[in-house]
Amino acid sequence: MVGQMYCYPGSHLARALTRALALALVLALLVGPFLSGLAGAIPAPGGRWARDGQVPPASRSRSVLLDVSAGQLLMVDGRHPDAVAWANLTNAIRETGWAFLELGTSGQYNDSLQAYAAGVVEAAVSEELIYMHWMNTVVNYCGPFEYEVGYCERLKSFLEANLEWMQEEMESNPDSPYWHQVRLTLLQLKGLEDSYEGRVSFPAGKFTIKPLGFLLLQLSGDLEDLELALNKTKIKPSLGSGSCSALIKLLPGQSDLLVAHNTWNNYQHMLRVIKKYWLQFREGPWGDYPLVPGNKLVFSSYPGTIFSCDDFYILGSGLVTLETTIGNKNPALWKYVRPRGCVLEWVRNIVANRLASDGATWADIFKRFNSGTYNNQWMIVDYKAFIPGGPSPGSRVLTILEQIPGMVVVADKTSELYQKTYWASYNIPSFETVFNASGLQALVAQYGDWFSYDGSPRAQIFRRNQSLVQDMDSMVRLMRYNDFLHDPLSLCKACNPQPNGENAISARSDLNPANGSYPFQALRQRSHGGIDVKVTSMSLARILSLLAASGPTWDQVPPFQWSTSPFSGLLHMGQPDLWKFAPVKVSWD
């Protein structure tokens with residue numbers, strides 16, 4: 001990856017990190033006796049493989065080697081030809097809003113060693129970003145700053161039981177490709193955490209994952225539903241809060257098929273990394289298995305997170321997979337969220353991306369062991385089935401999957417895509433059975449069309465504006481669209497004032513007045529909105545390339561700036577003050 005160079009602001013950042021760490025450690029000592037084993041402060045970078053006292057470079061490359069005689073993994077700078085795993089990080093966040101991570105493993109070593117080493121080397125090149133992302137987003141979750149003891153103990157017990165059940169399944173099904181991939185996923189996470197903590201030791205046989213360690217960085221989506229299922233009473237999710245917009249668009253004459261996604265999130269999550277993994281994993285645990293179809297992948301992500309979480313993936317199998325969150329508003333369904341018999345969503349999406357070569361297979365793999373957490377509408381685009389300039393193949397180009405607790409519905413939507421020329425996704429289920437079961441009918445009855453599939457603001461804006469998409473640039477413009485002060489479709493009739501920054505393809509809830517009146521929480525002023533856009537095409541996906549812009553939209557509204565915003569007091573380590581970045585083309589050597 002060739003990117004602009006970026007140097008960390010050494011002394012200022014160091015002071016901020018020192019203050020935050022000191023406070024975290026003091027509070028950890030105060031609350032530790034009351035709530036053992038829960039999350040909180042993690043050590044600042046400076047483990048045995050870190051360069052103590054040095055400002056981290058804008059670009060860093062490292063390799064993990066196997067010392068056969070000593071039976072140990074060793075870290076060296078640069079890319080070594082005999083590496084078990086290697087990684088290169090280019091930090092261009094100050095220039096583009098993105099860091100770029102490229103990571104690969106060697107098929108000369110077994111899958112388990114590759115997976116663990118992949119986690120080890122990722123932490124080694126990105127430890128400063130991991131620390132800052134943790135402090136920005138996770139340090140307050142279940143201590144030491146603030147916590148809800150009953151909920152946190154229930155969450156810890158749930159995760160421990162779930163990890164134990166998965167360990168039992170891995171041991172009971174040693175020949176299973178599915179459980180082989182689950183094990184590799186957890187080993188990669190184990191390597192990431194061990195490396196960051198400076199205690200690398202490849203686990204032979206059974207191994208453990210801390211329930212509230214770096215697992216929390218993977219769980220941000222699953223936690224949205226675990227909080228409700230486990231009766232968290234403080235700081236519940238905002239009713240109606242959007243989480244991503246997506247558009248799949250056939251260009252005129254079926255000349256191309258564009259796939260676009262923007263992530264909606266809290267602005268403290270804007271330390272962003274676009275990652276490329278090239279993992280030489282086999283489908284099953286034995287050497288005669290072929291490589292997984294999705295062994296090459298590019299995805300938008302975050303420091304310390306080994307999957308997308310947005311989610312947006314371009315896969316070497318010819319698939320592009322993405323989702324928007326639909327959630328669950330029916331409390332009666334939380335009974336299906338159980339620690340045993342389920343695999344949490346972040347793991348299932350990794351496994352499906354690796355093993356599937358078409359949409360139907362992806363759906364079959366993903367829906368196994370439905371956890372009922374991180375409930376999403378998934379779109380699986382298969383570019384292998386798309387014929388540029390040709391008629392509809394009838395099937396396989398677009399598969400739609402929707403998950404809620406106790407239910408997964410799948411359908412091929414290729415014919416509908418070709419009939420309408422687009423598929424839009426905006427956090428509302430498209431399947432009537434899912435819509436009704438998830439409790440949205442009651443919200444429509446209470447609040448009107450804002451919660452309906454056809455009448456919500458984004459449904460109407462997509463329907464009106466999708467025909468304006470003629471190429472990559474116009475797709476980016478639509479996905480960054482927010483003209484809430486002038487667009488009648490952005491009005492909230494029950495709000496005062498009526499124009500609302502949430503009612504757009506890329507939300508800017510920070511622009512809503514703090515003293516306004518709003519019928520539900522999502523329409524209020526919040527440090528939340530669309531924080532990126534990613535777009536690919538048939539030709540770009542073939543080479544794992546995309547266009548990407550980072551940060552809240554600033555096309556029709558002022559750019560977001562921390563120092564002048566109502567949220568300047570929120571921790572945002574490592575982030576630029578002013579978010580005003582143009583799209584960049586992401587390509588790889």
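Just so you know, glycine gets a Cβ as well, placed from its N, Cα and C.
The signal peptide annotation in Swiss-Prot covers 1-41.
The N-linked glycosylation site annotation in Swiss-Prot covers ASN88 (among others), and the record cites experimental evidence as its basis.
According to Swiss-Prot, the N-linked glycosylation site annotation covers ASN110 (among others). The number of other Cβ atoms within 10 Å of the Cβ belonging to ASN110 (N-linked glycosylation site), over all protein chains shown, comes to 14. ASN110 (N-linked glycosylation site) falls outside any helix or strand according to DSSP and counts as coil.
The disulfide bond annotation in Swiss-Prot covers CYS142-CYS152 (among others) and rests on similarity to another entry.
As annotated by Swiss-Prot, N-linked glycosylation site applies to ASN231 (among others), with the evidence given as experimental evidence. Listed in sequence order, TYR151, ARG154 are the same-chain residues at least 6 apart in sequence whose CB falls under 8 Å from the CB of ASN231 (N-linked glycosylation site).
Under the DSSP three-state reduction, ASN436 (N-linked glycosylation site) is assigned to helix. In this view, ASN436 (N-linked glycosylation site) is surrounded by 12 other Cβ atoms within 10 Å of its Cβ, with every protein chain counted. Annotation comment: Swiss-Prot describes ASN436 (among others) as N-linked glycosylation site, evidence class experimental evidence.
Sequence annotations record features per position, and here Swiss-Prot assigns N-linked glycosylation site to ASN465 (among others). Around ASN465 (N-linked glycosylation site), the same-chain residues at least 6 positions away in sequence with a Cβ under 8 Å from its Cβ are LEU478, TYR481, ILE505. Mapped onto three states, the DSSP output places ASN465 (N-linked glycosylation site) in helix.
Marked as disulfide bond by Swiss-Prot on the basis of similarity to another entry: CYS492-CYS495 (among others). The number of other CB atoms found within 10 A of the CB of CYS495 (disulfide bond), across every protein chain shown, is 20.
The N-linked glycosylation site annotation in Swiss-Prot covers ASN515 (among others), and the record cites experimental evidence as its basis. Residues near ASN515 (N-linked glycosylation site) in space but far in sequence (CB under 8 A, at least 6 apart, same chain): none are found.
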What's the CA to CA span in angstrom from ASN110 (N-linked glycosylation site) over to CYS492 (disulfide bond)? 57
Pop the Cα-Cα gap between ASN436 (N-linked glycosylation site) and CYS142 (disulfide bond) into the table, whole Å please. 34
Inside 10 Å of the Cβ of CYS142 (disulfide bond), count up the other Cβ atoms and send me the figure. 24
CYS495 (disulfide bond) versus recorded positions ASN88, CYS152, ASN436 - nearest by Cα: ASN436
Using Cβ-Cβ distances, find the residues under 8 Å from CYS492 (disulfide bond) that belong to the same chain and are at least 6 apart in sequence, listing them in sequence order. TRP450, GLN498, PRO499, ASN500, ASN503, TYR518, PRO519, LEU523
